[in-house]
Each structure stands twice: as structure tokens, then as C-alpha cells.
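*Asks:* According to TrEMBL, the record shows the following:
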COMPBIAS  1-10  compositional bias 'Basic and acidic residues'
REGION    1-29  region 'Disordered'
COMPBIAS  19-29  compositional bias 'Basic and acidic residues'
TRANSMEM  58-76  transmembrane segment
TRANSMEM  82-101  transmembrane segment
TRANSMEM  122-145  transmembrane segment
TRANSMEM  165-186  transmembrane segment
TRANSMEM  226-245  transmembrane segment
TRANSMEM  325-346  transmembrane segment
TRANSMEM  398-421  transmembrane segment
TRANSMEM  427-446  transmembrane segment
TRANSMEM  520-540  transmembrane segment
TRANSMEM  577-594  transmembrane segment
TRANSMEM  614-636  transmembrane segment
Amino acid sequence: MGRNEVEDKVQNVVDPEDEHNGDPGDKKLKQEVGEISVERLFEDQEVPSWRKQLTKRAFVVSFFLSIPFTFIVMKLNLTTGIIPSLNVSAGLLGFFFVRTWTRLLQKSGLLKQPFTRQENTVIQTCVVASSGIAFSGGFGSYLFGMSERISKQSSDTHDFKNPSLGWSIGFLLVVSFRGLFTVVPFRRIMIMDFKLTYPSGTATAHLINSFHTPHGAKLAKKQVRALGKFFTFSFLWGFFQWFYTAGADCGFSNFPSLGLKAYNYGFYFDFSATYVGVGMICPYIINVSVLVGGILSWGLMWPLIENRKGDWYPASLPSNSMSGLQAYKVFIAIALILGDGLYNVYKALSQTILGLSHQLLTKKLSSELPVSDHSSPKSSQLSYDDKRRSQLFLKDQIPTWFSIGGYVAISAISIGTLPHIFHQLKWYYMLVIYILAPALAFCNAYGCGLTDWSLASTYGKLAIFTIGAWAGASHGGVLAGLAACGVMMNIVSTASDLMQDFKTGYLTLASPRAMFVSQLIGTAMGCVIAPSVFWLFYNAFDDIGNPGSEYAAPYAIVYRNMAIIGVDGFSSLPKNCLLLCYVFFGAAILINLIRDRVDKKWGRYIPLPMAMAIPFYIGPYFAVDMCVGSLILFIWEKINKSKADAFGPAVASGLICGDGIWTLPACILALAGVKPPICMKFLSRGSNGKVDKFLTSQA
């Protein structure tokens, strides 16, 4: 999730507690920091070569951090599909672990290389690249959507491929690296010439820069302490809740906090530390949009459509039938997602074309585009910071022939390999994708630089419809479309992630070569770690992917049904379902148009259709938790904004990490056959009366 306001929250290098204490020395430092450029603070520090930025300890720390971060992303992927930005958490924890390591070595006299902000950037890049594979790998969407378990919930029950650790790792290894080579030739154009913002990358850079100043290190220590406290609380709370979940619908996660009637329609607080933390990190409008979508669907539409059973669809159908109410839940959500996605693709393409045209006309880039030119922009137009950053950013060039050759070589390997994994995915389908992918990857990276919003999943959906319709039902169009979605998503997602990291590296003086190598190593780690973590979930929880389960993987059925629509059309939908899909598809476009046309002051209060669509299928329970997180942060900001800005992300990260890490021992206990001892259920008065009567009769 992009958060443009994060940048403002992480630039304060003065401890907010000291600021309130009125320490004159700190106030003086704050004034000096405001007057002196960032790079002048580091002027006396030598910038290590790109090889020295890639230290062994950096990759050891990255590996051990990648595992818990992958668990966190995987859990979110398999529950709601909302993945917040974890860049700040990765940068903070990377700083803490390596700083602790180097201090111990320094005391023992064994420290050979000090810990630098460039090494910190390498760690952050590697961790985010590795854990990002848990999302782009499709374990909660297209890849899991291929399985027999998900196919049984759709109208096509024959075209499936069950997940396997072997082919999952092989598939990711041949599709995940290609995107890294597509945007390398454009890094100077996007970062230096166009000066794209990349808000998350910029925010992370400011955070890392502040850590490596004396007061920034002091604040970072307090942030890590806060993260540790809430991590411990969240982990222990997850452990405590586990004791009461011996059966279905047991435990605090099923507490009818808003009443049993509301509980039956998904409105309750489920005491999830993860979703409360996500709510604290996500922008307020995201959380409100999810809640609005939940009220619209589960509060209004589904009860009304339920009353039409026997008319719109047969009353005898089970609740999970794709010919009954379930079809409305899935396909109306798809219509909202597609309307929002297509609008944003059009918007991104038009902004890219207009932006490029403007740059070419105003700056005459046609005569200045750097192919092998190492000269920096005119020095008279640059500040001291920009001069120093530009000089070092251009120092370690990545040759254009290397990026083009790498893309062609990996594409050739992929074309020769993927048909053996998916025989439905013909080589000429992939050839078309690989010809179009660099342009789409550029658009996604450019749009991400403007808005901090990656449209990787939207480009993947376009591939589902295009390749699925091309292949047709008789040639495995469903699996071909889902596999093509994976190929496209990985290309455009890793491309925007790399450019975001280039921006972070530019602002921390990390070498582009170090960033590229770190991204490669992190991606390689993720191609092994993410499938392994998913395989652990898949074997530990028998009901994973089933509606109503803890890990329902809501997007898996959504992506599969998109592929079915692309192949078979809309003929199997129940009465009025297609009409409602058209209405919500148009509504998504209209809402986006209004958001873009009205004044920004009012536009920021208009809900986001993509976020509104999430609860349509899985229910609004997590929206209640996220709004509780927003409320906590809102009150905290009203009481003490500087502390909320400084410690809010750390507290949220602790809540997310602790609950996310608890899933590891939970998986191990499930695999070992150890079940919780107690089932705590909350029943209606009538049900409680029956239980009391039964217990009395037994006595």
C-alpha cells in the first residue's frame, strides 16, 4: 500500500521525547539539521565501494529477517490480501541487528568494517525483495487458484494443477528475475531527469539516513524497543488465543462483539493484532473504504439478495455454490476490481505518455538521454546534496548491453522451461508477453514513482483475460491464463520494486550495482523461502482456501473465476448477476473519475473501489480491526503528534510481526497433531438454553 504521507513522518531526527523536555542542545541540533544539507552531515564519512557495500553480514541478516517477513506477508496474503509497506520495518530491524553485531565486535576489537547507511540500504532491499515474492508469487491468488481445492469452488472443476514445492520453486526461478533487467537502462531518466518521487523509497531513505546520525541512532534504539514490546505482546496474545480454538468457530477471533445478528454477517471485532497493526500503517481512506465496502455488501446487498433465493437462484443450492449467492459475492467483487484496475491502467498510461512528452519537449531529452554518457546534469542547477548523489549514482554504471542481454537470455530459458511445467502455456503466448512486458514494466515503474501505487496485479489480470481467451477452454485456457498472470505480475512487480530501491540508494549514496545485486540475491532467496513457507501453511491447515476458514485465500477464487470468464464468458451466472456486475464496474470508474476531478481537499474523502471490493467475498470482520487501528493512531496523533509519527510505525510493525511470527509455531503444532485444549464458543440465548437443558439431563 502506498502512503504519500509517510515521508513527512520519518524525517524528524530529533527524539520527540527530548523535544518536549525542552533540551536546548537538542533544539540547537534541530535548527542545524534544518539548515545543513543531509550529505554535509555525512561529508567526513568515506563512501565504500559497491563491493564493500555487499557484506556477508548484510546477507546473513537479510536471510534471517526474510523468513519472518515472508510469514507475515504470507499470512496477510492468505487472509485478506492487504499487504502494507514493510520497507520501514525492514530498514529499522536491519539497523538494529547489524548495529548490535558491530558494537559487540567493536568491544572485542574484531570489527574490520563499520556499519554504514549503504549497507543498511542493501539489507532493506534484500529483505523486501525476498518477502515480496510471497505476494508476486501468487500463493494467495493465481498460483493457489490453479489447485483442485479452489477449482471445486468454481464452475470449472477439471482444469487444475495442485501446488508442489518443486514446480513452485522452479516456476518462480524462471519468471522472477526478468523484471529486474527491464528498467535498468531507465534508472537515470526516472531518478535524475524526471525526478520521480517514489514516496516509499524516499521515506525509507530518509529513515536510514536519520538512523546513522547520533540522534537518529538514539531515536532508532527507542523505536526498536517499542517494536520489541509490542512484538512480545502480539506473540503472547496469539499464543493465548490459540488455547481456545479447539474446534470450528471457537475462540476470541469469533467473539460476537457487535451482537450475534451482526456476527452472522461478519461484523465483529476478532481481536487480531495483525489487522490492528495494518490499520495503523495503512492510510485512513483505505481502512474507511474497506469498512464502507463491508457495509454495502454484507450489511445491505447480500441480505437483500438472500431474500430473492428461489427467484434469482435455486433455494436448494448450498451457500458456497457458484450458481447461487456465492456467485454474486465473487463476480461483483471482480467487477469492482476490474473497473478500478482498468481505470488506473488507463490513467497510468496517459500520465506516462503525457509525462514523457512534457519531459522531451521542455528538457529536450532527445539530445541528452544517457546511453554511455557519464556526465552529470548542469552543476549550477543542483544543490550540494544533488551534486554528490548524482556523481555517485552515475559512478557505477550497469551496462545497457548487460540488461538487454540478461532479459533476452532469461526469456529464452523461460520459453524453453515453462511449457514443461504448464503444458497449456504455449511458447508463442510467452513470446508475446515478453515483447509487451518491458513497455508495461516501464509504465508500472513510472506510475509507482508518481503515486507509490503498483498496478502489478492489474497487469496480471489483463494477461489472464488475453491469454485465457486466446487458449480457449479446449486447450486449458484457465491454467494458461493463470500462469500467464504469474509471468506478467512478476515482471512488472519486480521492475517497480527495483526502481523504488534505486531511489532509496540514490538518496543514501548506495551504489546502483549494489542495489541490483542485492535485489538479485533477495529475489533468489524469496524463490525458495516463499514456496517453503506456503508449503508449510498448506500442509499444516487442512481447510486453507475454504470459505470461512482462517486462511480462506479470497483472491484465489477471484483470480480463478476471472480466468473462467475469460475462457467461457458470462453464460453460467445466475439471474441479474451480470447486470449488477455492469453496474459496479461502471461505479468503480465513476468513483475514480470523481476522485480525480474534485478538489483534492474533498477527493481524499472518497472511498477507493479496489479497497471496497476486498470484503465483498470474505466479509467485513477485518475492516473493524483495521478501523480500530486507525482510531488508535488518530487519538494518539491528537494527544501527541510527534510521538505518534515517530513511534506509530514501530508499534504497528511490532503488532504485525508478533502475530505473524506466531503462525510458525502454530503451523508446527498443527503438523505435529497438537490441538488446542479448549473450544470457547459464543452462542445465542436459545442455543445456551438447549445446552443447559442437555447438561441437566446428563446430570
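Each Cβ is built from the backbone N, Cα and C atoms, and glycine gets one as well.
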*Asks:* So what's near the transmembrane segment (58-76) in sequence-distant terms, Cβ-Cβ under 8 Å and 6+ beyond its ends?
*Replies:* 82-84, 86, 89-90, 93-94, 97-98, 101, 119, 122-123, 126-128, 130-135, 139-140, 274, 278, 518, 521-522, 525-526, 529-530, 533-534, 537, 551, 656-657, 659-661, 663-664
*Asks:* Using a Cβ cut-off of under 8 Å, list the residues of the same chain at least 6 residues beyond the transmembrane segment (614-636) that approach it.
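*Replies:* Sequence-remote neighbours of the transmembrane segment (614-636) are 79-82, 258, 265-272, 275-282, 284, 286-288, 290-291, 293-295, 297-299, 329-330, 332-333, 336, 552, 554, 557-558, 643-644, 648, 652.
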*Asks:* Cβ under 8 Å to the transmembrane segment (427-446), counting only same-chain residues 6 or more beyond its ends: which ones?
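*Replies:* Sequence-distant neighbours of the transmembrane segment (427-446): 178-179, 182-183, 186, 190, 194, 196, 348-349, 351-352, 355, 407, 411, 414-416, 418-419, 454-456, 459, 463, 467, 470-471, 480, 484, 487-488, 491-493, 495-496, 498-499.
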*Asks:* Mind pulling out the one from 82-101, 122-145, 325-346, 520-540, 577-594 with the most Cβ pairs under 8 angstroms to the transmembrane segment (226-245)?
*Replies:* 82-101
*Asks:* Taking contact to mean 3 or more CB pairs closer than 8 A (sequence separation of 6 or more), are the transmembrane segment (520-540) and the transmembrane segment (122-145) in contact?
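*Replies:* Yes, these stretches are in contact.
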*Asks:* Counting only residues 6+ away from its ends, which parts of the chain sit with a Cβ under 8 Å from the transmembrane segment (82-101)?
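*Replies:* Residues 1-3, 6, 10, 57-58, 61-62, 64-65, 69, 72-73, 76, 115, 119-121, 123-124, 127-128, 131, 135, 200-201, 203-204, 207-208, 211, 217, 220-221, 223-224, 227, 278, 281-282, 286, 290, 504, 611, 614, 622, 626, 649-650, 653, 656-657.
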